[in-house]
Each structure stands twice: as C-alpha cells, then as structure tokens.
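All remarks here apply to the structure that follows.
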Amino acid sequence: MSVSEIFVELQGFLAAEQDIREEIRKVVQSLEQTAREILTLLQGVHQGTGFQDIPKRCLKAREHFGTVKTHLTSLKTKFPAEQYYRFHEHWRFVLQRLVFLAAFVVYLETETLVTREAVTEILGIEPDREKGFHLDVEDYLSGVLILASELSRLSVNSVTAGDYSRPLHISTFINELDSGFRLLNLKNDSLRKRYDGLKYDVKKVEEVVYDLSIRGFNKETAAACGEK
C-alpha cells in the first residue's frame, strides 16, 4: 500500500467517526432542549404559589422524561456499545443535568434521595456498564451535588413563601448527603470541585434554619436547633 493510499484509508476512518459524532450531537441537542423544559417547569416551585403546584409539576416533569427516554434510545443506536467512553464527553453534562432533574422530582415527591437504579429507570438506560449505555457512577454523584445546590436555594425561597418547616427537612437531608459524600474517596477532579461546594450549601441551609429558630417562626425548627 502506498503512502497516499494509507492516508486515504485513514481519512475514511476519520470521516466515519466525524459522522458518528455529528449524529450524537444532534440527539444531545434534543436532550438539552428537553432538559431545559423540565428545568423551567420545576423552577416554578421557587415562586410564591409554586409549593401548591408541586404534585402537578412533578407529574408533568415525569411526562417529559418520556421524551428523554425516546432521545436516549435513539442515542444508543448512534455508536457501538463498547465505545461508550470514547464518546461519553458529548452527553456527560446533559446526563448529569438529567440526573439532577430526576433527583429533584423524587425529592419533591418523597423528600428522599433517588437511587442510581431508580434514575436509570426514569431515563430508560442501564445501571451497569456491562449492559451497554449506562449511568456512570460519577455522573450520578454530580447530579446529586447539583440537587444539593438547588435545595439550598429552595430553603431560602420556602421562607419567603411562608413554609417554615421545609428548610428544616432540607437541612436534615443535605447534612445526610454531606455525611454520605464524606465516605467516598473522590478521585475525579471535577467531582471533587463540585463536592467542595456542598459545604457552602450545608452552611446556607443551616443559616436559614438558625434564623427561623431565632425569630421563633417554627416550633419544630426551634426545638431541633435547641437539641444541637
């Protein structure tokens, strides 16, 4: 094979990969659009009357996750399953965002942390790497950390809306998250930076709870703070 033939062959490989990446980008753009729609829907809980609409907003968000499943099913067909991490960078951030949105819905519904397995059911993907398109553990953890930041904001807006017990529940939840993350030996630099922000979320919520206890707005809050 001549030098020119070698490079012609290589160009064929490069062109084929570029085609794959372009197809992936198209699906990811659709995923990002749907994620924005879900986020806009859920952001409404921060408004004055938003707390009354939580069940309705969560139900609507779950309907949007049906569209997410469709997009992810399409994404799976765009590349060989064994090359997941070769193209992972294309969908990593939107997948983390979708984990956060799924976790936010579950928290608003039950005030519990969604498991990685439950997220994969919501998104219609696999929990295990061996089964193909899956939810990477670090992507799951990143989404959970985004949730913590969102909940710290929610604690402040809860007070504005006159819901004085919610910040206490959020404080308990975020402190449990913090304790859980302390058990992990995080090697990923991006994930570690996100985790560094968790302590600020914890502090922000604790300040809200403390302020409520000082002002006597909530007996449950005051009693809990008195036990510390």
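Each Cβ is built from the backbone N, Cα and C atoms, and glycine gets one as well.
What Swiss-Prot says about this one:
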- Lys187: N6-acetyllysine (MOD_RES)
- Ser190: phosphoserine (MOD_RES)
- Lys199: N6-acetyllysine (MOD_RES)
- 86-90: region 'DNA/RNA binding' (REGION)
- 177-198: region 'Leucine-zipper' (REGION)
- Between Lys187 (N6-acetyllysine) and Lys199 (N6-acetyllysine), the C-alpha gap once rounded to whole angstrom: 18
- Chain-internal residues near Ser190 (phosphoserine), provided their CB is under 8 angstroms and they sit 6+ positions away: Ser142
- Just give the helix, strand and coil counts over the region 'DNA/RNA binding' (86-90), going by DSSP. 5 helix, 0 strand, 0 coil
- Task: Would you report the average pLDDT that the model assigns to the region 'DNA/RNA binding' (86-90)?
- Result: 95
- Message: I'd like the per-state residue tally for the region 'Leucine-zipper' (177-198) from DSSP, helix first, then strand, then coil.
- Response: 15 helix, 0 strand, 7 coil
